[in-house]
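In TrEMBL this protein carries:
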REGION    1-36  region 'Disordered'
TRANSMEM  44-64  transmembrane segment
TRANSMEM  70-97  transmembrane segment
TRANSMEM  123-147  transmembrane segment
TRANSMEM  167-184  transmembrane segment
TRANSMEM  196-214  transmembrane segment
TRANSMEM  234-254  transmembrane segment
TRANSMEM  266-291  transmembrane segment
TRANSMEM  311-337  transmembrane segment
TRANSMEM  358-382  transmembrane segment
TRANSMEM  388-411  transmembrane segment
TRANSMEM  423-444  transmembrane segment
TRANSMEM  450-468  transmembrane segment
Amino acid sequence: MAKVGDVDNRPPVQQGFRRESDEGKPAGPSGQEDAGGIEMKKELGLMDGVAIIVGVIVGAGIFVSPKGVLLYSGSIGVAIIVWILSGVLSMVGALCYAELGTMIPKSGGDYAYIGEAFGPLPAFLYLWVALLILVPAGNAITAITFAQYLLQPLWPTCEPPYESVRLLAAVITCLLTAINCRNVKWVARVTETFTGMKVLALLVITGAGAWHLMSGNTELLEAPFANSKIQPGFIAVAFYNGLFSYSGWNYLNFVTEELKDPYRNLPRAICISMPVVTIIYVITNIAYFAVLPPDEMLSSQAVAVTFAEKMLSFMAWTMPLFVACSTFGSLNGAIFASSRLFFVGARNGHLPAALSLININCLTPIPSLLFLCALTLLLLFIRDVFAIINYVSYVEILFIFISVAGLLRLRQKAPDAHRPIKVSLIVPIVFLLTAGFLVIFSVFESPMEVGIGTLVILLGIPVYYVTIGKPWRWLTQKSQSFNRFCSKLFLCMPNSEKLD
C-alpha cells in the first residue's frame with residue numbers, strides 16, 4: 001500500500017476511506033474490497049436512471065429559460081420551433097452518448113470519452129472547465145432558482161432580498177450534499193419523489209393552458225411568427241437558452257459504474273426520458289404563450305409564478321412551492337452525478353488524490369462531494385444568472401461537440417471494439433453539424449461570453465503542464481501535504497468511522 005510521499009503521490013488508506021483501486025481501475029465485485037480497494041455499489045436500476053435524467057433536466061431551465069428563448073427568437077412560433085429542435089438535438093446527442101457509454105462503461109461521462117479518444121490533455125481541459133464553470137455554475141443557478149421561487153410568496157410585490165436568496169441557496173446546497181454523502185439509496189428516493197412533483201407542476205401548467213385555449217382565448221397565438229429574429233447569431237443564442245433547459249441528458253453517463261446492467265439500462269433510460277421531457281417542455285411553453293403576452297413574459301422574473309397568478313387564482317401560492325420542489329430534485333440529481341466527475345478525475349491523477357477517497361461504510365465519494373459543495377457556494381454570489389447561462393452553454397456545447405467527435409475518432413481508432421449499441425453514422429454527423437453551427441455563430445452574437453469561455457479553456461493548458469505533465473517539486477510537496485491533511489481531517493470528524 002503506497003504511503004503519502006511515495007512516488008504515486010496519493011493519500012494513505014485509513015479506516016473510513018479507501019481508494020477505488022491503486023491502479024485507477026474498478027477493484028472488484030460491487031461494494032466489495034479486494035487487494036486494491038473498494039468500489040461503489042451498483043444500486044441504480046432502470047427507473048432510477050430515468051428519474052435521474054428527468055430529475056436533472058427538469059429543473060431551473062424550464063422556469064428560467066423560456067424568456068431567454070423568446071428574447072432571442074423574437075416570436076412565439078420561432079420559440080416553439082427552437083424548443084422542439086433543442087429536444088431533438090438533445091435526443092440525437094443522447095443516442096451518441098448511449099454508444100459511448102456502453103462502449104466505455106466508466107463513470108465520468110465526457111471526461112472518460114474524451115480521454116479515450118483524444119488523450120489526457122483534452123480530457124484534463126474538460127475537467128478544468130467543468131471544475132471552474134460547468135458543474136458549480138449549473139448547480140448554483142439551480143440553487144438560486146430554488147431560493148427565489150420559495151421566497152417569492154413572502155415578497156409578492158418585489159424580488160426577494162439578494163442576501164436571503166443566496167443564504168437559502170447555500171443552505172439547500174449543503175443539505176443535499178449531506179444527503180449525498182450519507183447514502184446512494186437516499187439520493188435515489190429523493191430524486192424519484194421530487195421528479196414526480198416537478199412533472200405534476202408542469203402538468204398543472206399545461207392543464208391550465210389547455211383550459212384557457214379551449215375557452216376560446218387564442219388571440220395570443222394568432223400571429224405566431226410576428227417580429228421573428230432569423231439572423232443566425234440570434235438563433236444560435238436562442239438555442240443556447242433552449243439547450244440549457246435540456247442540459248443534464250448526459251448525466252447518467254457520469255455514474256455508469258453505479259448503474260445495474262448499464263449495457264441495457266443506459267440506452268433504455270435515455271430513450272424513455274428524452275421524448276417525455278421534450279413533449280412536456282413544448283406543451284408547457286405553448287401554455288405559457290397562450291396566457292402571457294410576450295412583453296409580460298419577458299419582464300417576469302418568475303414566469304411560472306406570473307402564469308399561476310393569472311390562471312390559478314387563490315391557488316397561485318402552490319406554483320412557487322412546486323417550482324421549488326422541482327429545482328430541489330434537480331439539484332439533488334446534479335450533485336450526485338457531477339461529483340463522480342471529480343472523483344474519476346482524481347482517480348486518474350488529474351486532481352488531488354484526496355478527492356478519490358471513498359467512505360467504506362457509506363460507499364460514497366465524500367471528499368469529492370464536499371469539494372463540489374465548496375465550489376458551488378463560491379459561485380452563489382454572481383448576480384446575473386443569464387450571463388452564467390451563456391458562459392455555461394457555450395463551453396458545454398463545445399465539449400459535447402468534442403465528445404461526439406470522439407465517437408467518430410473511436411470508430412477509426414478501435415473499429416473492432418465491443419459496441420453493444422452502434423448508432424448510424426448519420427446521427428453523430430448531424431449532431432456535429434448542428435453543434436458546430438451553434439459554436440461558430442455564437443461568436444458573433446455573444447463575443448465577450450465566448451471569449452471568456454475560450455480563455456478559461458486555454459488557461460488549462462499551462463495548468464496541465466505545471467501540475468500534471470512536469471509538476472514542480474514544491475507543488476508536488478504541497479499536493480502531498482494536502483492529501484495528508486484531507487485524510488486527517490476526515491478521520492478527525494465526530495463519528496468519522498460510521499458518519500451517523
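Residue numbering: from 1, along the chain as shown.
Glycine too: its Cβ is placed from the backbone N, Cα and C atoms.
TrEMBL entries are annotated by machine, without manual review.
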Range from 70-97, 123-147, 311-337, 358-382, 450-468 with most C-beta pairs under 8 A to the transmembrane segment (234-254): 70-97
Segment-segment contact (the transmembrane segment (266-291); the transmembrane segment (450-468)) at 3 or more Cβ pairs under 8 Å: no
Of 123-147, 167-184, 423-444, 450-468, whichever stretch has the most CB pairs under 8 A to the transmembrane segment (70-97): 423-444
Touch test for the transmembrane segment (167-184) and the transmembrane segment (423-444), at least 3 Cβ pairs under 8 Å: no
Per Cβ pairs under 8 Å, the stretch of 123-147, 311-337, 450-468 packing most closely against the transmembrane segment (196-214): 311-337
Positions on the same chain near the transmembrane segment (123-147), where near means CB under 8 A and six or more residues out: 59-60, 63-64, 110-112, 114-115, 160, 164-170, 172-173, 247, 323-324, 327-328, 330-331, 334-335, 338, 341-342, 345, 348, 350-351, 372, 375-376, 378-380, 382, 385, 388-389, 391-392, 395-396, 399, 402, 453, 456-457, 459-461, 463-464, 468
For the transmembrane segment (423-444), sequence-distant contacts whose Cβ falls under 8 Å of one of its Cβ atoms, 6 or more beyond its ends: 89, 92-93, 95-96, 98-99, 232-233, 235-237, 239-240, 243, 394, 397-398, 400-401, 404-405, 407-408, 411, 450
